[in-house]
Structure formats: structure tokens, C-alpha cells
Number of protein chains: 2
Amino acid sequence: MTTPQGTAARNTRQRSAVATLLSQVEGFHSAQELHAMLRDRGERVGLTTVYRTLQALADAGDIDVMRPPGGEQLFRRCSDGHHHHLVCRTCGRTVEVAGPAVESWADRVAEQHGFVDVSHTLEIFGTCRECAAGR
Amino acid sequence: MTTPQGTAARNTRQRSAVATLLSQVEGFHSAQELHAMLRDRGERVGLTTVYRTLQALADAGDIDVMRPPGGEQLFRRCSDGHHHHLVCRTCGRTVEVAGPAVESWADRVAEQHGFVDVSHTLEIFGTCRECAAGR
DNA sequence: GCGTTTTTGACAATCGTTCTCATTTTCAGA
DNA sequence: TCTGAAAATGAGAACGATTGTCAAAAACGC
């Protein structure tokens, strides 16, 4: 879908497996988790390939990448367009949130300081209702 | 200054060296960079100690930690209170920015979804005027 | 000073991720 | 359908940042 141009890009069993898995699981998962899930499903895909495929998907903008404090980066298939995430620290439940005001604020602030080619990262962490009640 | 309570915490040459260095350098630097700077100054401090000290300072809230996409975490001594950073991708120049509207927006969004104990991370990346002009 | 307790630091270990490269697969054309 | 060049795979090595280990060294209350 989001295959710009240039490098050929061939259809392989492994890529389909990763894409399919991503379309079926909820929330964010690490490359290693996804690799383990594929293994459990009986799909035979190398860890290296999982990493490569995830990176390609991320570059293409088909999946989101998040780097939580403390370790591995997490991947998730998500809706098109720019948005951010509200993530539960305990259960990992994720809510996509849009903040047009934040986008324009960030751009404006950067512009005021003479910065161009601006991007930003924003993640909100908290404890969701269920997890807060559960203890 | 921000030494709560509990564990003793002793004054050592190494900790002073790290703290002093942090108060003198500009912008964000990795633990390894800071370690190299100390070495260049003739200060003899082990890399392990640099990591430990930085972690302690970060826990105490005396320094900021940032995880840019693609690698090591960066440390910086910075002003008290909650704020965010506008960072040049090329030269590392950093501007502290405050966004009260963003803070309240994030809290409000989280609250609407039933999340409590909310925190967030926000970093803005761009190319500063000088770097944009320089090439 | 003394002794206890913390801290240090060289080194090994760990962990996520990337690289290497020989083998396998894909797919456009014959 | 067959063929072959180009792309993709994957097992394992390599890598780089960070953390653990533990004996030796420093700090500080007494």
C-alpha cells in the first residue's frame, strides 16, 4: 500500500506472515515478541527478517514505533496519519490520540527558534482504569 | 540539592567531577561522551561510575534524560520543573521549551480515557537556522 | 585513627539490534 | 515452463550501550 518507489520489494511468505500478524495483534509489541508469536504459530521466520521487515514497514509509515523508557523499541500497526499514543504502564493497553493543537504548537515553537524540517515525538503514559482498580 | 532521604550518599571526587562537568557543558551528551570528556580533563573516573552517577542524578530529577531515535540515551543538566526540548538533529543545540497548554491537554486526554498517574514525554527535533544555512 | 559501610572500577556478562555472507527464493523475460 | 539475475532469507558472528560482579579503596561518624 505504502510502497513508494525505487527498490523492487518482492512478495515473500515471511513478509506476509509479519504483516498478517501485525494486523491481528493488539497494542505494541517488541520485535522479539513478534518473532516468538510467529514461531508459536508455526511460521518459520528468522529474527533478522522480522527486524528487517519491521524496519521497512516503519520506514514506509505503515507501523508505529515507540521507544519506552527502559529498553526495546515497540511496534504496532496503526491508523494512517500523524497521531500519538496513550499507553497503560501496567497492561500495555493503547489508545490512539490526536492533538492538532499540539502539532501546531510544536511547529510554531520550532519555527520561532529558527528550526526547520521539524518532527516530534509524544507519548503519554499512565495507569488505565482497570489496572488502577485492580489493586 | 534534590537529595530526598534514605540512603546515605557520600561525597566523592568522582561524583563531584561528573556534577561539575554537567554544569559546564552545553546540550545533551551521552554517558560515553561525558566519560571521554572527564578523561580528557585528566579526571580519572570509571565508565561504570559515570553511568551510576548519571542514573542517580536522573532519578533525583537533577538532570534530564532523552532517548533520541537511534541509540544511546543523552543526559543534560537543566532547569527545574517540567519542560521539553527542541533539539537540532545536526549540531545538538538544545532549547528548553515550556508548553503549559500541552501539559494540560495531555492530562485532560488521559483523564478522559480513565487513566491516572499520568506522565508524558515530548521532544521536538529539527534543523536549526545555522545548520540549515550551513549546507 | 578505626572500623563499618559505601563507592569505586576493571572486567565480564547481558541484551537488543545489526552485519555477514552463503543459500534460497522471487519474478521478469525467453 | 524454464532460466538466470537480483532480491531476500537466516544462522551465527559482531556490535555497542548498558548493567552486573566483586575485591580493593575511600568516606565519615565516633
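Using N, Cα and C of the backbone, Cβ positions are placed for all residues, glycine too.
Computed from a predicted structure; not experimentally measured.
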Write down the one residue from A:H35, A:H120 that TrEMBL lists together with A:H82, A:E103 as binding Fe cation.
A:H120
What Cα-Cα separation, expressed in whole Å, is found between A:C128 (Zn(2+) binding site) and A:H82 (Fe cation binding site)?
23
Out of A:H82, A:H120, which has the highest number of nearby Cβ atoms, where nearby means within 10 Å of its Cβ, if these are the binding-site residues?
A:H120
Site of maximum Cβ density within 10 Å, from binding-site residues A:C91, A:C128, A:C131:
A:C128
Provide the list of binding-site residues among A:C88, A:C128, A:C131 whose C-beta sits under 8 Å from chain B at the C-beta level, in sequence order; use 'none' for an empty result.
A:C88, A:C128
